[in-house]
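Listed features, source Swiss-Prot:
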DISULFID  Cys28-Cys34  disulfide bond
Amino acid sequence: GILLDKLKNFAKTAGKGVLQSLLNTASCKLSGQC
């Protein structure tokens, strides 16, 4: 249903956000710019 679709989209968006921040943290640590 609609609720399930909303939950799926939310999970996708949240997952992307987490991945993005992990990547940002990793790259700043590697370059020593944290």
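Keep in mind that glycine also has a Cβ here, set from the backbone N, Cα and C atoms.
There are 11 other CB atoms within 10 A of the CB of Cys28 (disulfide bond), with all protein chains counted. Note on Cys34 (disulfide bond): other Cβ atoms within 10 Å of its Cβ, all shown chains, come to 9.
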